[in-house]
Amino acid sequence: MRALLLFCFVASLLLSGQAEETEDVSEEVPMRDRSHIEKTLMLNEDKPTDDFSAVLQRLRKIYHSSIKPLEQSYKYNELRQHEITDGEITSKPMVLFLGPWSVGKSTMINYLLGLENTRYQLYTGAEPTTSEFTVLMHGPKLKTIEGIVMAADSARSFSPLEKFGQNFLEKLIGIEVPHKLLERVTFVDTPGIIENRKQQERGYPFNDVCQWFIDRADLIFVVFDPTKLDVGLELETLFRQLKGRESQIRIILNKADNLATQMLMRVYGALFWSLAPLINVTEPPRVYVSSFWPQEYKPDTHRELFLREEISLLEDLNQVIENRLENKIAFIRQHAIRVRIHALLVDRYLQTYKDKMTFFSDGELVFKDIVEDPDKFYIFKTILAKTNVSKFDLPNREAYKDFFGINPISSFKLLSQQCSYMGGCFLEKIERAITQELPSLLGSLGLGKNPGALNCDKTGCGETPKNRYKKH
């Protein structure tokens, strides 16, 4: 009995000694210096956050007075499914994190914000840990906001997400964190892609939700783990959704210090080989190779290369932040160009329909013939002859079959009839916004002018539209 007690005592001492040794080892894990993050993103500067409210208010006014009337009149939202809200106009740049499960998306966000070992940090792990779309925003104190509340708040840019249903809103969460970087940018963490899970099992249209965030993101980080480079159906679908957004995409090969040099080169080549069929552009997106977490790089790895890659990524992020207003104005102008072209096309369809109709004609058959073969009636060629219309901006012809299937042609008016005595003409207002008002607002940023003091004699400013019925 005495021998048994002695054995138990010695065993407990050994186990406690091992536990203390393990604890000491865990405490001795070297952490990486973060000074390059603060320096590159200018987080240590004490200057107050720039106040862009005057420019954004001016931009919002141009949109509502010069663009939205034509957009609503010709139901552009039903063609592109992209409705611009006031919250979207005034929102901060959005950085979207996409990729397979457990590749380090949440860990990367924690690292960039310095949230490790704080009560603010996102939960991370080797298993799929993120099942929600998590939006990290700035706030005076730590606060969690339910998705249903975010969608109901018209001041935020997330109110259109309500259309994806209550099941999705339960998977949407907002977190306000008092962090200086979040004063200038918003991070969005997404559920990892799991190839063996059917989309229907998520309970909401996952791909449609991803497309909504992709369309509004200023920078898109697609993160990969070098040990998991398999490209399945969901990842293929994701890259199809990213078509046309190649300039915003940055591909990240994370956890790079886990591999030896030769293996890292093989993985780098394998990544390009896997993605080549999915990214059909002349200039591929930039690929960053590093390890985005707070622990020191593993020994005998390319530390200098990884650090330079990380700084390059931070410079990319800072560039998006610095060009926030320029990008926002350019986005609204591009939207206005698309709305104008859509209105011209609908007007041309309507004019052709009226020209072909006779007293004995069947209106439904006449218009069906026009929609089925618009080239026969020179619909798109006529629009290309207009001023400032590029063939690369023309929508797909097939899209108008669906559009007019929902919206009868009789529900629209000709552009020549979209004029009022006091308000002027919708087409003239949007053209003035595209050619004068928005470029002038953009130019005022470089000159440091007050946007409220622009020369309204030159730009029109959307305040007093020309009265085309006034006698001279």
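Placement of Cβ uses the backbone N, Cα and C atoms for every residue, glycine included.
Model, not experiment: these values are computed from the prediction.
It is 99-106, from the ranges 75-82, 99-106, 299-306, that Swiss-Prot records as region 'G1 motif'. It is 254-257, from the ranges 202-205, 254-257, 458-461, that Swiss-Prot records as region 'G4 motif'. Around the Cβ of Asn280 (N-linked glycosylation site), 10 further Cβ atoms fall within 10 Å across all displayed protein chains. Looking at Asn388 (N-linked glycosylation site) and Asn280 (N-linked glycosylation site), their Cα atoms lie 28 Å from each other. When Cβ atoms from all protein chains are considered, those within 10 Å of Asn388 (N-linked glycosylation site) total 11, not counting its own.
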